[in-house]
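Report on one structure; see the data block that follows.
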Amino acid sequence: MDYLEIKGGKKLFGSVYISGAKNAALPLIAMSILAKNDVVIRNIPQVADIKTLIKLLQNLGAVSKFENLDLVINTTTINSTKATYDIVRKMRASILVLGPLLARFGHCEVSLPGGCAIGARPIDLHLSALEKMGANIEIKDGYVIARAKDGLKGANIIFDKITVTGTENIVMAAALARGTTKILNAAKEPEVVQVCQILNDSGIKIEGIGTNELTIYGGGGELLNLNKICVIPDRIEAGTYLCAAAIAGGEITLKQVEPNHLVSVLGKLSDMGVNFELGDKSIKVISDAKLSPVQIITTEFPGFPTDMQAQFMALACVANGVSTIDERLFENRFMHASELNRMGADIKLNGHIATVSGVSLNGADVMATDLRASSALVLAALVANGTTRVHRIYHLDRGYENLEIKLQSLGADIKRLSE
């Protein structure tokens with residue numbers, strides 16, 4: 001099994017290109033189920049979660065290939081609507097095929113999902129919304145079995161809690177439904193916005209894009225002709241490299257990035273004493289690694305993203321003072337705290353609040369527990385005294401494309417080894 005060995009103390013300099021967003025690419029790949037043509041998706045990140053979803057669609061009968069780093073996928077050959085456990089268990093986002101499969105074929109079976117073990121991330125909101133659209137749903141033998149004999153119909157959906165994948169699932173299902181679907185308390189993350197914009201460009205009228213209230217005028221079951229798609233830049237990967245420069249010190253430039261998607265992250269880094277120069281599609285970050293403490297509350301976009309919470313905990317570990325992090329979106333998302341404490345961090349947990357007192361860190365053997373926790377350990381290792389080995393980095397490979405190679409190019413002393 002691979003692990004990363006990192007020797008701390010190196011400042012970072014240079015430029016790094018940000019990959020396409022994994023969390024944007026996943027629903028776009030699932031959206032291909034709604035199409036009658038070859039769907040071309042550009043800027044696809046080469047990460048494990050993407051490969052898992054492509055494999056899932058291939059198992060359903062879809063045909064896909066890469067042409068010059070563009071994914072070309074055709075789902076007109078799908079001959080099965082059962083997404084089996086052996087694939088779905090690897091990734092929670094596999095549930096994104098539920099809405100498109102049901103909307104197109106009127107029936108499907110999707111295994112209950114796996115992926116990061118971050119507390120309770122129920123799919124009840126997806127299922128209750130589909131039931132309002134006329135679906136009959138039962139859970140049997142670990143599968144969601146969904147039927148809509150006469151097709152899905154428009155409905156008024158009110159999400160009790162904002163859900164990104166739930167919003168994406170229902171928007172895609174509504175695109176082929178009969179009539180109009182309204183979604184209240186919809187997610188408005190950039191990844192959701194891109195899903196809506198692409199459907200809108202393909203002839204499905206959607207109002208309220210970028211707001212908490214969406215209106216989708218369904219196409220009545222007619223398959224879509226999807227235009228060429230370019231995945232938006234990964235705001236979480238970008239945020240992670242911003243944090244890398246902040247904690248290690250130095251001067252790096254992020255290229256192929258969307259600064260407007262990072263306003264809350266940039267604001268908190270500024271509070272910690274990090275300086276920036278913003279371009280149209282670039283961010284230069286300048287840091288002396290002397291960080292001030294920070295107060296963070298995770299919330300939905302455009303607030304501070306939960307997917308950056310672990311990385312900022314790493315920064316707080318070496319800040320000059322006491323920081324607090326209030327995780328309000330997911331339970332049990334402080335699993336990285338105990339591993340950071342192995343490196344000498346002073347983190348105290350009280351429910352969903354972490355209090356972090358800044359200290360000096362020392363290298364240690366640590367274990368990744370989920371995708372973003374693994375990146376926090378890498379960040380801490382960049383500034384720790386001595387050598388750190390980060391184990392179970394298959395979590396990291398789920399969401400970061402060539403992380404160690406990109407960090408090496410910036411001057412970090414990091415290498416991938418096998419146990």
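Every residue gets a Cβ built from N, Cα and C, even glycine.
These numbers come from a predicted model, not from an experiment.
Under the heading active site, proton donor, Swiss-Prot lists Cys116, citing sequence analysis as support.
Long-range C-beta contacts of Asn23 (phosphoenolpyruvate binding site), restricted to its own chain and to partners at least six residues apart, with a cutoff below 8 Å, comprise Ala93, Val164, Glu189, Glu191, Asp234, Ile236. The DSSP secondary structure for Asn23 (phosphoenolpyruvate binding site) is helix. Taken from Swiss-Prot, the feature phosphoenolpyruvate binding site applies to Lys22, Asn23.
Long-range Cβ contacts of Asp124 (UDP-N-acetyl-alpha-D-glucosamine binding site) within its own chain (separation 6+, distance under 8 Å) are none. The UDP-N-acetyl-alpha-D-glucosamine binding site annotation in Swiss-Prot covers Arg92, Arg121, Pro122, Ile123, Asp124, Leu125, Asp307, Leu329.
The 2-(S-cysteinyl)pyruvic acid O-phosphothioketal annotation in Swiss-Prot covers Cys116 and is backed by sequence analysis.
Each residue contributes its Cα atom, and for Leu329 (UDP-N-acetyl-alpha-D-glucosamine binding site) and Lys22 (phosphoenolpyruvate binding site) these two points are 20 Å apart. Sequence-distant contacts (6 or more apart, same chain, Cβ under 8 Å) of Leu125 (UDP-N-acetyl-alpha-D-glucosamine binding site) comprise Phe159, Asp160, Lys161, Thr163, Gly166. Sorted by the number of other CB atoms within 10 A, the binding-site residues Lys22, Arg92 start with Arg92, the lowest. A simple way to gauge crowding: the CB of Leu329 (UDP-N-acetyl-alpha-D-glucosamine binding site) has 21 other CB atoms within 10 angstroms, across all the protein chains here.
On a Cα basis, Lys22 (phosphoenolpyruvate binding site) lies 13 Å away from Arg92 (UDP-N-acetyl-alpha-D-glucosamine binding site).
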